Amino acid sequence: MEVCYQLPVLPLDRPVPKHVLSRRGAISFSSSSSLFGAPDPRQLSQRRGAISYDSSDQTALYIRMLGDVRVRSQVGFEPEGRGSYPYLCIDFRTLHLTPSPMERLRRLLSFQRYLHSSRLLWGTTHLNPLHILDEDYIGQAKCMLERVGSWNFDIFLFDRLTNGNSLVTMTFHLLNQYGLLELFQLDMVKLWRFLVMVQEDYHSLNPYHNAVHAADVTQAMYCYLREPKLAKSLTSCDILLGLLAAATHDLDHPGVNQPFLIKTNHYLAKLYRNSSVLENHHWRSAVGLLRETGLFSHLPAEEGLKMERQLGSLILATDISRQNEYLGKFRTHLNQDDLCLSNASHRHFILQMALKCADICNPCRPWELSKQWSEKVTQEFFHQGDIEKKHKLEVSPLCDSQRNSMGNIQIGKL
């Protein structure tokens with residue numbers, strides 16, 4: 001089965017910039033369609049980061065199109081608000097209209113990256129330049145990293161000390177601390193570029209699902225990896241995959257949940273057939289960044305594909321709708337006492353459980369930190385509920401600010 005979006009050729013007076021066609025997320029179509037009048041589509045599929053929709057690749061390994069921004073100009077969506085909710089002011093009646101040529105170009109980019117690239121295309125200056133850290137702040141951040149294995153680690157303070165670069169700094173430090181750069185011969189420039197892109201593709205205005213959450217989960221994952229029984233059994237590959245999965249597990253999260261995407265007929269829900277929609281998107285987005293940066297390009301092709309599949313298996317395990325499935329399997333192993341960490345599949349399952357626990361470990365933190373996370377996740381839930389009310393949709397559980405409170409949500413008393 002071929003999946004093809006029909007994209008007519010742009011007018012000759014509006015050529016698509018070459019750097020747009022060559023960036024990640026550019027889509028390779030079957031020979032029956034064309035992409036902006038480009039050459040042989042099958043040649044385009046050789047570009048790094050390109051998607052193949054040919055019948056030989058029905059799973060669409062990578063897609064960078066989260067966030068339909070077709071009506072942003074109509075509803076006064078502010079382009080300066082990087083990371084804003086793509087659904088905040090959308091008129092749902094326009095979601096399925098035929099897009100204009102410019103809107104088709106936007107579909108080539110992730111929602112986050114479109115906001116940045118639009119400034120480059122139209123010559124608008126970036127309003128949030130990255131400032132160089134003060135030496136005192138660098139020193140304090142380094143001091144915090146000396147205690148990175150503590151459950152008391154304050155990721156909010158660390159994010160301030162690194163000027164909002166907690167995810168890049170944390171992940172790079174942990175990979176380097178384990179000696180994984182040398183062991184896997186990872187190019188330092190490629191790794192740094194990969195981590196920066198990962199951090200950028202988290203939506204900074206999401207109250208909860210943002211890069212700080214990813215950094216917190218990565219730090220928590222490190223705490224689990226240090227547990228004595230695990231530490232002596234895990235391989236270097238296990239550790240590398242565990243840390244990368246933690247850093248990318250919510251990549252390009254839109255700040256709304258899967259039921260919201262399904263009931264609004266979002267194209268991602270259709271693409272992944274309403275199954276682990278967000279988790280599939282996080283995984284495919286991570287694979288796209290790995291391929292664009294060429295982080296694993298020096299590895300044998302089969303090894304690289306194997307690592308991508310294992311990365312996906314870890315990220316897909318964070319789907320909360322499959323919680324009982326994983327807990328049941330874990331209980332069975334415990335009751336039968338048959339977990340063997342010398343078995344690669346058993347180690348991988350433990351990594352899945354560790355990532356699941358790291359993802360929801362906020363209550364394990366000191367009260368001051370746990371309370372902040374509770375406030376943030378509640379804010380994000382209520383924001384989704386407000387959107388649903390505005391568009392006369394059924395309000396999702398936990399998302400109604402008039403019926404729920406932060407306390408009740410946390411203790412599960414609804």
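Each Cβ is built from the backbone N, Cα and C atoms, and glycine gets one as well.
Features of the protein shown, as given by TrEMBL:
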- 133-414: domain 'PDEase' (DOMAIN)
- HIS209, ASN210, ALA211, VAL212, HIS213, ASP250, ASP359, GLN410: AMP binding site (BINDING)
- HIS209: active site, proton donor (ACT_SITE)
- HIS213, HIS249, ASP250, ASP359: Zn(2+) 1 binding site (BINDING)
- ASP250: Zn(2+) 2 binding site (BINDING)
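Summed and averaged per residue, pLDDT over the domain 'PDEase' (133-414) gives 95.
Checking each of the binding-site residues (ASN210, VAL212, ASP359, GLN410) against HIS249 (Zn(2+) 1 binding site), the C-alpha distance stays within 10 Å for ASP359. Excluding HIS213, HIS249, ASP250, ASP359, which define the Zn(2+) 1 site, the same chain contributes HIS209, ALA214, VAL217, ALA246, HIS253, THR318 within 8 Å (Cβ to the Cβ centroid), listed in sequence order. Listed binding-site residues: ASN210, GLN410. The one with the lowest count of other Cβ atoms within 10 Å of its Cβ is GLN410. Under 8 Å, Cβ to Cβ, and six or more positions away along its own chain, ASP359 (AMP binding site) finds VAL217, HIS249, THR318. Contacts of HIS213 (AMP binding site) defined by a Cβ separation under 8 A and a same-chain sequence distance of 6+ are given as TYR202, ASP250, in order along the sequence.
In the structure shown, the C-beta of HIS249 has more C-beta neighbours within 10 angstroms than that of any other entry among the binding-site residues HIS209, HIS249.
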